[in-house]
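Chemist: Let me begin by handing over the structure; questions about it come next.
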Amino acid sequence: MGSLEEAEPAATEGPGRERAGSMNPYSGRLKSLRAAWLSGKTRPIEYRKKQLEALGRFLDEKKSDLFHALHEDLRKSAFESEISEVAFTKNEVMETLNNLDSWMKDEYMSKNLATKFDCAFIRKDPFGVVLIISPYNYPIGLALIPLVGAIAAGNCVVLKPSEISSSTERVLTEGLPSYLDPETFAVVTGGPEETTKLLENKFDYIFFTGSRNVGKIIMTAAAKHVTPLTLELGGKNPCYVDESCDFQNAANRIVWGKFLNAGQTCVAPDYVICSITTREKLMPCLQKAMHEFYGSNPRESPDFGRLVNNRSFQRVRALLKSGQVAIGGETDESDCYIAPTVLVDVKESEPVMQEEVFGPILPIFTVADLDEAIQFIKRRDPPLAAYAFSSNSKVVNQVLDFTSSGGFCGNDILMHMTLVSLPFGGVGYSGFGKYHGKFTFDTFTHYRASLLRGMGMESLNTLRYPPYANRNLGLLLSATSVRRTGMCTLQ
């Protein structure tokens, strides 16, 4: 989801702003957050709701500032900023406020005969002081949606927005402390050097969204403190197009999902995989969709974004050397502009098929048939998302059944992401852990196994005490065993 430098997290107020003599420049701030956590301030549901409501007001009252910042950072239109960032995040806030009472309740569990008179339940405990590190490509949603769940779960939070999307970082850094409690929440800023210092501190949970390379660094830092974490990474998301489909509808949806945010979307289709016959039918439909969406000169379209900086531009432009440019291919370094582009005749060994594109380039990789496509996808690391287009539901289900990915969407792109009822997350090299809706609350919650017993009826406990007796063993096993249900054995 970005290069090592771009995805690197950062720091708090800066090394020179902490009191002199501190071994770590951020230990003082984290110490105060931990004191607030230990005081129990974040535990009451009323406090959590108040913070979430304040976050919702921030999104409403600072919307114009956020839109302006997103345009400065990524040339995002207000329409795209609304649907993919602000409204998307606001939905998470509303979903959480609507359901937090039920999410927080103890879950009472089944018991065996030995615990028949006891109370067995799961208590939803906060982890403590958590760290959220977000990337530049969706600098609002990928920062604040995890924050929603962290607050809802009752944690104190350190939020690290990306320094690459600097305008949005500034709005978050300057605005959020006016809405959220500074005793339990902090925004951190900086670059790789500051982040290294920040990660030396102990956190109770780390949530990172970014590149695989930086994810490894975060995981290594977390391991030093045995800190649990979620890694939301990226991957090469395949998009299978079958010979039996409405090609124009498929092209419309693929073009929209691929070139949204100038391709800087971790769940965008990274490549199309199809037969040569299908490719020939799809190509004119892709060209038509691109022309209808962005006009004859996409550079002049107010709805087509830009790569975030020159470093990203240089990396993506180099991928144009793979295969043959069939549509687009124009670039302008001074504007970090790469036109919506389709490549054909790409080889598996070429860079565009070896690394995540993360830009407005769509390679089309050809195979003989569906079986070869599935085998090709299965040979590669599990991606963050997989897509399949076909008018035959059996084909779509075959791709779903025989491949692995963090998420899957049949006959559309990205739309599974709009449902707060579905978990979002990777598998294998595309990351681990999940969030969105209740899954975000669960991610930042320790599910604490709890059993409450009375002090009486001690005679029942003697079965497990020494000196051991075979008769007691049989009774104890009978009282604690789990038996298969619904089975009938004929004698």
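Quick reminder: no glycine exception, Cβ is built from N, Cα and C everywhere.
Where the annotation comes from TrEMBL, it is an automatic prediction and has not been curated.
Since the structure is predicted, the reported quantities are computational estimates derived from the model, not experimental observations.
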Chemist: Looking at 1-26, 157-182, which stretch does TrEMBL describe as region 'Disordered'?
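Modeler: Here TrEMBL associates region 'Disordered' with the stretch 1-26.
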Chemist: Looking only at the domain 'Aldehyde dehydrogenase' (41-448), what is the mean pLDDT?
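Modeler: Mean pLDDT across the domain 'Aldehyde dehydrogenase' (41-448) comes out at 97.
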Chemist: Take the Cβ of Cys266 (active site) and count every other Cβ within 10 Å, whichever protein chain it belongs to.
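Modeler: There are 29 of them.
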Chemist: Taking the Cβ of Glu232 (active site) as the centre, how many other Cβ atoms fall within a 10 Å radius?
Modeler: 27
Chemist: Would you mind reading off the Cα separation of Cys266 (active site) from Glu232 (active site), to the nearest angstrom?
Modeler: 9
